[in-house]
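Chemist: Feature annotation from Swiss-Prot assigns region 'Disordered' to 1-21. Marked as site 'Important for substrate specificity' by Swiss-Prot: 28, 88, 172. According to Swiss-Prot, the feature active site, proton acceptor maps to 87, an assignment based on sequence analysis.
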């Protein structure tokens, strides 16, 4: 990946700026932030913040909703801080591919992706607990996967590098059968679009929306209609 951009946090020039909190236990997202030079703490969202796929949702809608829920979950448990949450899925021929449940599920995903172009979507939510403002955005990266041989598929499954990764692959693993199309964000495939994150931070005060209920309770009713 190219050099990762970094932006100053909102209010960084004030005497008491908010600190950045990563609402994710993903080591890959933490590594991206560290590589870009951000200082942050980690407070993962609870499992209940992820309710899965709603039948009427598109992939972009899903990752936006889950990023919001994850941020809201952490915001409800802190007194101060700028919360960063994200959710990533792959999408291929109308199928939304999250993290595989097991080896068989990973193989099913990889056979679907093999020889096809597909998309990776990451929803990003920044939420200021102090100001009760948030912004949500979604970034898409187009990928091309070569036709996987049985040997390549078996080697990848045996390596366990599919575990915990949307679409059962990790771009950062350097597989020569997986390429980003054009100039789309590589870090987005890893789990956090660093270029867009820098833009969101730079423009947070201008673009963030005010919210009056900093908990996930306000969106539970809409989630209950998922089926």
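Even glycines carry a Cβ here, placed using N, Cα and C.
So that I understand the layout, could you describe where these features sit and how close they are to other parts?
Modeler: Tertiary neighbourhood of the region 'Disordered' (1-21): same-chain residues 32-33, 35-43, 74, 78, 80-84, 128-130, 172, 186-187, 190, 194-195, 197-199, 201-202, 204-205, selected by CB-CB distance under 8 Å and a gap of 6+ residues from either end.
Secondary structure at residue 28 (site 'Important for substrate specificity'), as computed by DSSP, is helix.
Under the DSSP three-state reduction, residue 87 (active site, proton acceptor) is assigned to strand. Of all the Cβ atoms in the protein chains shown, 26 others lie within 10 Å of the Cβ of residue 87 (active site, proton acceptor).
Listed in sequence order, 63, 120, 121, 122, 123, 166, 188, 189, 191 are the same-chain residues six or more apart from residue 88 (site 'Important for substrate specificity') with CB atoms under 8 A from its CB.
DSSP assigns residue 172 (site 'Important for substrate specificity') to a helix.
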Chemist: Using the alpha carbons only, what distance in Å do you get between residue 172 (site 'Important for substrate specificity') and residue 28 (site 'Important for substrate specificity') once rounded?
Modeler: 9
Chemist: Using DSSP, tally how many residues of the region 'Disordered' (1-21) sit in helix, strand and coil.
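Modeler: Helix, strand, coil within the region 'Disordered' (1-21): 0 helix, 2 strand, 19 coil.
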Chemist: Counting only residues 6+ away in sequence within the same chain, which have a CB under 8 Å from the CB of residue 28 (site 'Important for substrate specificity')?
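Modeler: Expected: 170, 172, 190, 191, 192.
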